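J.: Dropping the structure in here first, questions after.
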Amino acid sequence: MDDDNTSTKERPTHLRKFYPLGFRHDAQELSKMTAMLIFAYMLSIWSLSTVSLIFMSRLGEAEFNASALALTIYTLVSNTVMSGINYGSETLLPQCYGGNKRKMGIIVQRSIIIAGYVCFIIWAILLNMKYILSLFVKNQDTVTLIDNILRCYLLLVPLDAVALLLRSYITSSGRIFSTVVIYLIGNVVNIISHYICLYHTNINIYTSPLSIILSYLTIVIGVIIYIRMSFFYEETWHPITHACLQEWNIYLKLALPGVLSTIITTWSFQLGNIFAASLTPRSLSAQAIVVQVISFLSLTMMAVGESGTIFIGQNLGANKPKEAINAKNVTYTLAIILSGINMILLAIIYWWLPYIFEASADTISLARSILLWASLYNLMDGLNNVHLAIIKAW
């Protein structure tokens, strides 16, 4: 009897060490935030690019491959770098919301200026990308198509940067539903624009960049209107001052490692599209399909990570280190559970997923075989994203 009592007492003791302030409350709060962030992430660059590729697959294999490569290059060069630069605001904004809310406005102003400088670097890379592509893509007509699309994406770079920053500004306070609604409106604009441009005009391959740019413009305008009309603006905004030109070293110490980490994690998978372009058109099409599917699963893990970043950051800003440690452990637990669900779900439906895109039977068969192997990558990549997000919060 004594041994049984001892064993039953040890179990909660071990759990108490890992979750010193309990599991259920933090798990419920993080789960709610994660669910909303999954929708917010899904409705951003992933759904916009996926819808675009579905429409482009109606034009033909060459147009689909060119659009897929252009989106991959944009993600590698622009979205990845801007996401890394945004590490600074994602770390500092939740902490300021838990402490001095007025500093949030200064951080946003500083972030916009830094992102503006980065835009010039990204523009220069995109304008000269055709010379690098010529080393991998054998068909020069495809290179020309990609180059033309990338020139259109130049307008998307600042819109993407502002959208990322303003989303962090809003979600740092836990207000996520409003961003989901705004991004949903942007996605509706994307679908309507693709339909009109593809079936009622003759712009063909330029349908993709034009529609995505219109969508992001709608999102940025919607977010600005929401911020300006909400009480959140009155609580957190600070008039533009010279303070935004100071303390750049603190921001860059967070942003530059963020750029490096996002480049390593994103490029390790997205570069597959570029290397597949040096093989056959079928390989490129299959790889593009796999990237879209695995990217969605990665978004779910990124949502867990960002909810942890927000929750931990708010506790640290309010000088509650014990609550922050408890939230960190709960975040890790939820990440492990969700990664297991993702693997099981992919194993069940991988056979039917490639049919979303209009592709040949050989391409669909190849995509299926790649998806099974990619599920293992997704497990490790997802847990790595959560780990990086937790480090970012501290």
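Just so you know, glycine gets a Cβ as well, placed from its N, Cα and C.
A quick note: this is a predicted structure, and the numbers were derived from the prediction, not measured.
Sharing the features that TrEMBL gives for it:
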TRANSMEM  33-56  transmembrane segment
TRANSMEM  68-87  transmembrane segment
TRANSMEM  107-129  transmembrane segment
TRANSMEM  150-170  transmembrane segment
TRANSMEM  176-198  transmembrane segment
TRANSMEM  210-231  transmembrane segment
TRANSMEM  251-276  transmembrane segment
TRANSMEM  288-312  transmembrane segment
TRANSMEM  332-353  transmembrane segment
J.: Among 33-56, 68-87, 332-353, which stretch has the highest count of C-beta pairs below 8 Å with the transmembrane segment (251-276)?
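T.: By Cβ pairs under 8 Å, 68-87 leads among 33-56, 68-87, 332-353.
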J.: Is it the case that the transmembrane segment (33-56) and the transmembrane segment (288-312) touch, counting contact as three or more CB pairs under 8 Å in which the residues of each pair are 6 or more positions apart?
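T.: By the criterion, they touch.
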J.: Where among 68-87, 107-129, 288-312 do we find the most Cβ pairs under 8 Å to the transmembrane segment (150-170)?
T.: 107-129
J.: State the non-local partners of the transmembrane segment (107-129) in its own chain: residues 6+ outside its ends, Cβ under 8 Å from one of its Cβ atoms.
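T.: Distant Cβ neighbours of the transmembrane segment (107-129) are 73-74, 77-78, 81-82, 85-86, 88-89, 92-93, 96, 146-147, 150-151, 153-154, 157-158, 161-162, 165-166, 169, 238, 240, 244-245, 247-248, 251-252, 255.
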